[in-house]
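Peer 1: Once you've had a glance at the structure underneath, I'll fire off some questions.
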């Protein structure tokens, strides 16, 4: 039942409880490689989960750890032997962020992981069991399932259903966690025969099981106080009893009458556990990342399609325009050529006709001039002579010829007019074709105008989102200016606690509007869009975007989302590529907030964070920028695993370089970083025979100089640093020659804080070198 609930978004727990040797590990952890009927609950549960999920959209990851002697160790990575428990302050969810998480794709890989984990689990031979488990095994299975939403269609402004705008509802993601706990068996020392180290293991097992029993009793009786913090086992099972998980308890007992007392105790434990009521709660959230990626892809496709259509429209317009101009030019040229040819032809015919007439007229004049006219009178009047008759006939022929020429001229003129009419008709046809082309061009221009209008609407929406971002950034700046405190670190102190209380109070009183704006920004834009604005060309937009990210990073709930979305990489890139000191200051503050998380510290170091922070500190002059950078490095100094790399990349020298500012806030952060570093050195066994890296990098003179500073934050951190340095015998000679011994004596006598004063006194009395020097100087101290 608990296994199937995980697929629906609930947390589930399967736990086996009972005496040593009664079959808890057999019930839960059997692999069933030879006979599938022998498979344990772990293998069967994973089979059911893998059968129901979709590999394309869902994911399953597991971690396998053991609780041994009140220390959580990773069974998949034995070198990882000190895992811390993380509790979400809002949801109360318990997790092991330092454990190895492996993505599971098939049943075979899961069985291999179980085999690897069982090989690393502690076991011992006792009188009750030849292979008695000496640790509590915890298998955590994290299931992430995607539930797709339905598409919605919204009509466009022009009402055309073919151009409907489609939007997607954000997919719903259900997260479930299955915890399978194989408890180590309770045992009586007289029956198990445990001795030596095995005896110590048995004591630890019985103490943790006793703490679990007390919690079950308190929950069954509805007690006001449930002692879940008495043991790491009860902290891990906080959600399983009285929480939001669906819990199945497997109680195992033995048949022997010799163990009747243990059997009765086990059954009573199960009866009390049945009285505990859990409040089931489904874990659902919207997958805004997936929706953002889909919308980005859809937007890119629309932009590409829009650009392609615009280019095609422009090409078509140019082609039609060139073709129309070519047709018009060709028609005009043909018409002009035809008119010119007709004109030349008519002129030639006309000149030729005139020439013929002139030649004939000249001939006639010659004939008339050479002959004589004779008129004979007769009784009835004048009588024409034969010569006159021939002249008359010749004139009639000339007139007939002229008429013929005129008729030919008239015919040719009519033919020319018909040709001109045909050319005019052809020109009209070309003009109509040009008008049709202009109409097509108008339609294309209308389409272009519609596309331009849609583009303008998108630009207005983007501008509105930019305005909202600027407004939220302004509100965030107002809130930040009201806060007068340092960057939180890993070393707890009275001043840091006071600053945290003031910040929490002011955010509670005046931060509702900002949180509402942030929520609105997440809803409308999303974290991915905000992070893309960090690379904007506009300097103002970039500055406001980094301020919004910095304010989001101030809340622990947002830090994991920022890192997963690539925000940490973008902030480090801003330190590398931007010269604006405002951007440097705000980005360094955001990195300092993210550096409060141990997993983020390793990411910062892996991405050359110390080198970038050191470079920023070297170029900065503003005290607030230096304070943010020093705070980020101080947080990194508190990580035991990163000390050697931090020093090799210049982290200590960067801290010491920032003391040039002399601003008390900057000096307080530098002192905090040195105290963190010294504290980590003092509790690292491998550093016991090596000289302190702080002393090697020349930090001791500055520490001694500021050990009695008037500013209490600086003095308190320096006093802690001196006490931690003095705990290692190898540092004693350097501290004596550097004057630190006198400061330790003063701290042990005059320090206002009891814990620091006691630490200094204990260090002086337990270090032979210090005792010898005090004796040589005849200073009584004991």
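Each residue, glycine too, has its Cβ placed from N, Cα and C.
Just so you know, TrEMBL annotations are computer predictions that nobody has curated.
Taken from TrEMBL, the feature domain 'Kinesin motor' applies to 1-276. Annotation source TrEMBL lists ATP binding site at 18, 19, 20, 21, 22, 23, 24, 25. What TrEMBL lists as coiled coil is 292-367, 399-475. As annotated by TrEMBL, repeat 'ARM' applies to 525-567, 566-609.
Please situate the listed features within the shown structure.
Peer 2: Here the Cβ of residue 24 (ATP binding site) has 24 other Cβ atoms within 10 Å, regardless of which shown protein chain they belong to.
Averaged over the coiled coil (292-367), the predicted model reaches a pLDDT of 86.
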Peer 1: So what sits near residue 25 (ATP binding site) in its own chain, CB-to-CB under 8 Å and at least six residues off in sequence?
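Peer 2: Sequence-distant Cβ neighbours: 16, 133, 137, 182.
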Peer 1: What is the number of residues in the repeat 'ARM' (525-567) that are helix, strand and coil, as DSSP sees it?
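Peer 2: Secondary-structure breakdown of the repeat 'ARM' (525-567): 34 helix, 0 strand, 9 coil.
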Peer 1: Highest Cβ count within 10 Å among the binding-site residues 21, 23: which residue is it?
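Peer 2: Counting every other Cβ within 10 Å of each candidate, the maximum falls on 21.
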Peer 1: List every residue in the same chain as residue 22 (ATP binding site), at least 6 positions away in sequence, whose Cβ is under 8 Å from its Cβ.
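Peer 2: Residues satisfying the criterion: 185, 252, 253, 254.
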